[in-house]
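What follows is a set of notes on a single structure, which appears directly below.
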Amino acid sequence: MGGKGSGISMDKIPCVLVKEDKVIEVNEEFIEMTEYNMDEIIGKNIEKVFSLLRGGPCIDAKNIDEKADYFLFTKSLEVRYINIEIVIEKEEIRYIIIEKQGSKFEIKHSYLSQLCKSNDIGVAVYSVPDMVLIKANQKYLDFLEPPFNKSYYSIGRKIEKIITNWKESHVAEFWQQAICTGELVQINEYEHIGYERGITYWNSIITPVLEDGAIKYVVSNTSEVTEQVLNRKRIQEQMEVINLQNRQMEAIFESMPKGIFVNYKDANILLQNDVVRKIIHSPSKLRVFNDSHKYIKYFTMDGKSIDFEETPSFRALSGKKIKDERIIVRCSNKDMVLDVSASPIYDEENNVLMSVASANDVTELVNSQIEIKNQKEQLKAIIENMSDGLVLIDKSGKLTMLNKSAEKYFYTMEIMGEDRDNSDITYFDISGNELRKEELPSKRIIKGQIVTEFRILVKKHNSDIYICINGNPVYDDNGNFLFGIMCMKDITEKVIQEKIIRLQQDSVLRAEREKNEALEKTIAMKDEFLSIISHEFRTPLNVINSAVQAMKFICSDDLSDKAKKYLSMIKLNTYRQLRLVNNLLDVTLASAGNIKINKRNLDIVFLTEAIVDSVKTYAAHKDITLTFITLCKEKVIGIDDEKYERILLNILSNAIKFTPANKSITVRLGVKINNVYIEIEDKGIGIPSEKIDTIFERFGQVDSSLSRQAEGTGIGLSIVKKFVEALGGSISVKSEIDRGSTFTIFFPNEEIAEDISCKTIDDLLSDNKLVQITKVEFSDIYL
Ligand code: ADP
């Protein structure tokens with residue numbers, strides 16, 4: 001019994017007596033049940049004692065529920081299921097521990113106990129629902145991280161306390177599933193993250209165990225499969241790498257420009273790439289090497305048939321190494337030229353395992369080589385038969401090739417400049433300057449120059465030979481000089497012909513020049529003659545005119561009407577004659593470029609109005625309304641009044657001539673920024689469109705028909721145009737048949753810098769000059 005005596009025996013039920021929270025007494029039964037010594041219990045705080053006993057679930061010494069099922073663990077860590085009763089005696093509390101019936105797990109669940117003893121697989125028993133570790137074998141404990149790999153630290157503890165990261169791991173869900181369904185759950189290779197040693201993998205079988213119809217325990221049979229999983233994963237990764245490498249190899253293999261195929265000794269084709277498939281025109285892979293001869297025939301380059309056993313890849317299977325053997329392969333009636341290399345591949349025992357062969361399709365190359373050869377021969381034939389001499393030179397200027405024609409040119413060698421010093425040949429350029437050695441075409445070409453149509457005069461033994469040379473250097477792709485090419489032609493005949501032609505041309509030119517000079521002289525003489533004649537005509541005409549005038553004034557009373565009429569006719573015709581003479585003189589002066597312009601600053605408005613006024617009688621006589629409209633009152637510009645009068649009178653006389661009665665003529669004057677314009681608009685018969693372009697040019701057309709001019713047609717407007725242009729202006733016409741014509745003249749809107757004349761407009765008009773001029777200009781129009 002307990003060390004301190006008294007009545008603690010309590011029907012031999014294990015109990016402890018506590019005073020002021022400390023155990024003061026403990027009975028034999030308690031010691032027997034828990035397997036602890038008295039000393040380990042007595043004097044200890046009661047909370048500490050329950051903790052020592054790993055009591056649970058949630059034993060609170062101060063708040064014991066007598067109806068609750070508790071458990072505790074013996075010193076040898078065997079679980080005991082208990083109820084606790086409390087007896088309070090004055091200041092002492094007695095905790096009576098009533099072991100439940102069948103509480104001994106090792107007896108009640110002896111098979112689980114036995115299972116725990118085997119150490120082949122990790123076995124653990126957890127209580128439900130609090131998930132406290134009741135029992136575990138060392139194998140299981142070894143899975144846990146220190147210190148929980150020792151039963152002292154793990155038994156009686158909750159699962160989340162002993163398995164790192166339990167709450168976060170998904171495995172807890174499987175446990176929950178087993179508890180909820182009451183059925184066994186098998187988990188394979190679940191991944192557990194949280195152990196210091198890294199990620200671990202586990203196989204577990206979670207088995208719920210019933211007691212009294214309710215799940216009381218969960219048994220975990222666990223084995224670690226980390227190594228297997230990791231190994232498998234490593235293998236998988238390696239397989240992926242290998243697969244990738246295989247795919248890469250295959251891509252390289254497929255994209256190789258050469259055809260590649262690998263044959264096993266047993267004649268199975270292991271590999272063949274797309275090029276091979278194209279070569280043998282096989283849509284699907286040719287599986288068996290030996291079959292290939294069914295589709296393919298092999299030939300040497302000179303057309304001899306090759307047996308299948310003699311093909312390079314077959315020979316490689318017997319250990320031979322073949323390098324670039326050129327063969328012809330016939331497949332689907334198509335010939336191909338292949339350069340084939342083949343090598344044997346040995347196994348570890350040095351036996352030939354397979355052969356690898358590469359085939360380069362050189363059909364195009366061979367064909368183009370043949371083509372080139374043919375072309376070369378053609379070219380050679382052309383070159384040989386060319387009439388021009390063709391020469392190739394190396395970079396030192398030495399002759400490397402010459403055609404037949406070049407051979408014929410005895411001077412070819414000399415042109416190369418080789419025998420220059422001992423030769424009696426001299427070379428000249430076409431202008432007759434002697435050529436120095438470095439100026440010779442061959443020397444220039446090797447210096448990189450292009451020689452184009454270079455003419456050389458070769459003098460040898462008193463004979464002159466002319467040669468035309470074209471040539472240029474030829475370079476390789478890297479810009480290195482390969483050779484120079486020179487093409488030469490004997491042009492002696494041509495040069496002689498050219499010389500003759502040139503001489504003939506010279507004499508023709510000379511004759512032409514002399515003819516022109518004579519012509520110019522004649523024209524000048526003609527102009528002078530006309531000028532003199534005109535002047536000479538004018539003087540007597542003026543005298544006749546004055547005489548007629550005088551007769552009219554002085555002898556007016558003595559003359560009969562008839563005589564007066566004849567006098568008027570004489571007067572009118574002298575005016576007409578004067579007009580013709582004036583025009584002839586002007587034409588002559590204009591063609592010689594001798595129009596004299598005498599500009600003065602004058603009021604063009606006043607001047608124009610005066611001129612229009614002077615012809616009003618003529619218009620009125622024909623019942624034509626002549627109106628002058630001006631947009632400004634006065635405008636002073638630099639103008640030659642005499643020329644202007646002639647211009648305007650000429651246009652007005654035409655207007656009156658070609659306008660029928662009862663129609664109108666309007667003269668408008670306006671000023672723009674740069675110009676002064678005068679517009680003479682008539683409502684007359686108009687000018688046909690085919691004529692309008694030439695009315696100012698008439699003079700040119702009628703140059704030789706003086707007789708027509710004498711009739712008074714065709715030169716008036718050409719003189720007008722010349723005068724207008726001499727005054728710095730321009731003239732244009734618009735006309736419509738039966739509607740009338742409008743002549744527009746533009747003069748520059750500017751005054752002359754210095755006006756030294758002292759004449760005024762009044763002066764100009766005072767001596768009746770305008771009337772005289774008008775009479776002359778209007779001599780065609782009868783009043
Ligand atoms: P001419 O000195 O004979 O008058 P012009 O050179 O002045 O000759 O005129 C040439 C021709 O242009 C005239 O013969 C006439 O046919 C035509 N012409 C000139 N002005 C007019 C006009 N206002 N209306 C119709 N025809 C015109």
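The backbone N, Cα and C atoms fix where each Cβ goes, glycine too.
Summarising the annotation, TrEMBL assigns domain 'PAC' to 322-374, 450-503. Taken from TrEMBL, the feature domain 'PAS' covers 375-410. The domain 'Histidine kinase' annotation in TrEMBL covers 532-751.
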Summarise the domain 'PAC' (322-374) by DSSP state, stating how many residues are helix, strand and coil.
12 helix, 33 strand, 8 coil
Using a Cβ cut-off of under 8 Å, list the residues of the same chain at least 6 residues beyond the domain 'PAS' (375-410) that approach it.
416-418, 442-443, 445-446, 467, 481, 483-490
Secondary structure composition of the domain 'PAS' (375-410) [DSSP: H/G/I, E/B, coil]
16 helix, 9 strand, 11 coil
Take the domain 'PAC' (450-503) and average the pLDDT across it for me.
88
